[in-house]
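Below: the structure, in structure tokens.
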Amino acid sequence: MFHFFLKYHFFLFISMAPRYYLTLSQVCSQVWCNKYTIAFVLLAVKVYTFSLILRSTLDHLMDLVDTINVSLDQFASTATNFPAQLTQLTNKLIAEQLQQLKSNFKLSLLLLVSVIRALIGFYMEIFLGTFTCLLDAAAQASVNFALDSAQATLKCLNTTIVSVTSEVESGLESISSFIENSINTVSSLFTNGKKPSVTSINLSLGKLRNLQIPGSVTNELDSFRLNLDEFDNLKNSTINLLTAPLTHFDKNVSGSDLFGPIDSSKMVVANYGPSAAKNVTFDLTEVKNSIVDFKNDAAKIASIMIIVLASLSVIAMIALVFVERRNFVKRDIFVISVREKSSPLAIGNALETYQNRTIYYMAKLKVNPRYYWICNYLTSKYAMVVIIIGLVGVISFTLQYRLLLSVKNKLKNLIDTVSSPEQTKQLQASLSQYTAQTNNYIEAQSKALNQNLLGWYMKASTNVNDTLTDILHQINSTIHTVTGNTALSKPFEVVVYCVIGRKIVAVTKGITWLNEHLVIDLPQLPVDLFKDVTEAAPLRYGKQLETQMVKATNSLEHMLFIELYVALGFVGIWVIFIVMGIIFMFFPKKRTIGSPKLLTKTEKEEYIFPLSSFNTSSSVYSTLNDRPIS
């Protein structure tokens, strides 16, 4: 309470002193240095310096783009000349490899043909030769037995026939004499001694004396035995027919120019030179122009922010002029109110209303007076310094971060432009000529091998296949010729099909499968051979640019967030003031005071205290304990 008495005494004192307060014009001469204007000016300076840092970063990125452009041009030049240099180095190696491949393939084919030819003779000997041998043995044994039996039987039969014929003829002669005598006797009885008309009766075998079984039967058996040699002829002719195409193929392969030496200088790929490739240069001018546009946009945004902040500072100065003018009006009102008030508490409240604008406006708005104290506590000069610094820091962060984001989002699009520029596709198209020419040459070699080499094999295998098909017909025809319509014909044909025919059918199927699948397919270069190479360098440089960009933006972001954290720290202190104010408001410190000391005569005169006698007992002042203590 003594504090309020001092304030009251002070105002009384200055009322009798000469004027030393500033007039309105004098205050307005310094209003341009108000804290709001200074804050806005500092924000403008901060935005300007940050824009300079950002533009310097963009200049560094633009220099990096120039370096990347030069590196990409060197890469394009090297990549364009690489196929020609590679051709000169590898043509001889390719020719040697193709020559070795052809030689090895030729040797393999000759060995394969020799093996097939030997296997054909081996299988024909196994199947047809074995069957012929068995058939010949069986037939020879049967014919020899039949021939020997027929000769013995014919000899015996002919001897028996001759003996029987002689005996029959002798008996017939006796019978003939008897009959003739009988006829003569009877005839003389009936003819009166005349001579009979039948002179003689001759009973004989006549030509039957020479009756014998002809020897042609044994001749036919000999012919059957000799015809068995047809199976040997069939076997030999079959082997010759089957191996004839292979022999022809062997001669063609051995004498072909296809397997001759390859001249690497005459290879089609050797004609590929630097002039064959399209000259490709990387031009990142568009990227540089984009960065320049970003710089201009950043400068434009920074200029707008600075202009806005400068305008706000001017507005703050103008507003404060009106505020100061109102303060003088409020001062007059305060002086009048102080004259009318005698209570120190009322004088103190009037003084705070004059000094604190927040309470002044709350009073004008007729806000509940119970909230005046907490507003006064939170808007004191110490609390306002904290919250203003915090808010200025937050606003500064917002403006600078907005400026950084405007550039950062646009820079991300440049990474794709550098990582996969249009020139990469042109370079790939240029280098694909080398791949196409090389693949055409390899394909031509494959066609030559398939036509000139495997064409002979196809023809030979087709002839072998056709010959195998005719074998069964020849075997059946030979069996029919040998056995004729005998009972051995059908069994022999069945045995031949089971022993030989089924194998021949399997062989023909195998040859047909080989004809369909035997194709020389030399490996070719991948179509995208240079794709990874041409894309790797732009991707690497794009990654380098991205790394530098991210590093720069992250550094700026880190700096801005440090400012934000500091500003939020000041705001946090002001929040602590809020908590402390709530504690003070709802938990006031209670204390008990004693009776006030009596004023001396001099003090009474200074404070214009009434000097009349009055009760100064402590009971009079005991009611002060119930008054609010400031």
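Glycine too: its Cβ is placed from the backbone N, Cα and C atoms.
Going by Swiss-Prot, the topological domain containing Thr67 carries the same name as the one containing Leu598, and both residues are therefore on the same side of the membrane. Residue annotated by Swiss-Prot as N-linked glycosylation site (from the set Asn202, Asn615): Asn202. Listed by sequence, the residues of this chain that lie at least six past the ends of the transmembrane segment (303-323) yet keep a Cβ under 8 A from its Cβ atoms are 28, 31-32, 34, 36-37, 40-41, 43-44, 47-48, 357, 399, 403.
Counting residues 6+ beyond its ends, the transmembrane segment (567-587) has Cβ neighbours under 8 Å at 373-374, 377-378, 383, 386-387, 389-394, 396-397 in the same chain. Under the DSSP three-state reduction, Asn476 (N-linked glycosylation site) is assigned to helix.
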